[in-house]
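Annotated features in TrEMBL:
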{"type": "BINDING", "residues": "LYS141, 186-188, 194-195, 224-231, 317-318", "note": "ATP binding site"}
{"type": "BINDING", "residues": "ASP304, GLU318", "note": "Mg(2+) 1 binding site"}
{"type": "BINDING", "residues": "GLU318, ASN320", "note": "Mg(2+) 2 binding site"}
{"type": "DOMAIN", "residues": "145-351", "note": "domain 'ATP-grasp'"}
Amino acid sequence: MPAQRKLRVGLLFGGNSSEHDISLLSAASVIRHLDAEKYDVFPIGITREGVWLPGIKPVEFIAAEDHMHSSQTSGQKNFETFPEALTLSIKLSTPGEGLDVVFPVLHGQNGEDGTVQGLLELADLPYVGCGIMGSALGMDKEKARLIFRSLGLPVVNSLSYRSSIWKISPERILDAVEERLGYPNFVKPASLGSSIGVSKVYDRGGLRRAIQNAVEYDHKFLVEQAINCRELECSVLGNDEPMVSAVGEVFYTGEFYDYYAKYQDERSHTVVPASISPALVEEMRFLAIQAFQALDLSGMARVDFFLERETEKIFINEVNTLPSLTNQCMYSKLCEYSGLPYTHLLDRLIELALERHAHRHRLKRAHNCN
């Protein structure tokens, strides 16, 4: 009996995003832990400029980016740009020759927001993680909160604005924030992750500077009421019948869990499971499933919560549809504590991608009008 063929897995990483470096860490971990007995991995790196580098591993990627810059300076063109990348994705989907499944570890814009997901669906390639709409909604904090509020799910009071309105009427926006939210508050770009562009402010001058900083990253921004809280997280895994993990807690030394605290401050750490009551655990796990389904998510997501210290009231902070995926990240730790080791988690994510793709193919695509 012939041996079963290995699955060909395309690993997408890097990307034109402020979370480019985090993606490299996730990709290196995924490649290292995917079972070599089951998978042939074909890495595809994407530079900060959007240039596609097929067949290059994350450990070689930085040197290749440097070489690409020098080649561009000298007028050479040896790499795949987006039109060629579209052709590449179609070629990789050719039955019997191409990929069986794509594993995107592209964090942030142009990777986690539905753009790459749309490309992969056009190429008819199964892919790990959420679909187009779920990815787009999860990335847009404003739209996600509108949906959560409409369903009665708890979120912190906030206001959102376009940068075009800020440019025209800054004083009116500052007045509205002071009247409706007060201080302190947080200013956040609407569609970035890893706390990039986020500021905590205490007065009108700080608010003005924080908004000006946020609109340099995104055309929309949120101003969110600050509360005295603990930060907790759940991992969700699955398609139509998702499972939810235990609850973990994040500890940090600064005023909030910013980029430095997440990726550079050695004093920041996570605890699994969180030291909270069983009743709070069950409520958070229930809210995590509700948030996951409210945004029409599939595959995986990490749901982040605020737990107000004084009242123990729970608020949904955000849903991360493509969380950091190293073996030491919170998503993986929560899954492992809940009985799914990292290597098996990667297996399950690929299984879910193939299951969803098969389900989509069973749906009717045409209607007989006769």
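Placement of Cβ uses the backbone N, Cα and C atoms for every residue, glycine included.
Please treat TrEMBL annotations as automatic predictions, because they have not gone through curation.
Feature map: TrEMBL annotations on the structure.
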residue : record                : contacts (Cβ under 8 Å, 6+ apart)
LYS141  : ATP binding site      : SER160, LYS188, ALA190, SER191, LEU222, GLU318
VAL187  : ATP binding site      : VAL198, SER199, VAL201, LEU207, ALA210, ILE211, ASN213, ALA214, PHE221, LEU222, VAL223, GLU224
ALA226  : ATP binding site      : TYR183, PRO184, ASN185, PHE186, LYS200
ASN228  : ATP binding site      : GLU308, ARG309, GLU310
ARG230  : ATP binding site      : GLU249, ALA274, PHE306, LEU307, ARG309
ASP304  : Mg(2+) 1 binding site : GLU231, LEU232, GLU233, ILE316, ASN317, GLU318, VAL319, ASN320
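When the binding-site residues GLU224, GLU318 are scored by other C-beta atoms within 10 Å, GLU224 scores highest. In the three-state DSSP reading, LYS141 (ATP binding site) counts as helix.
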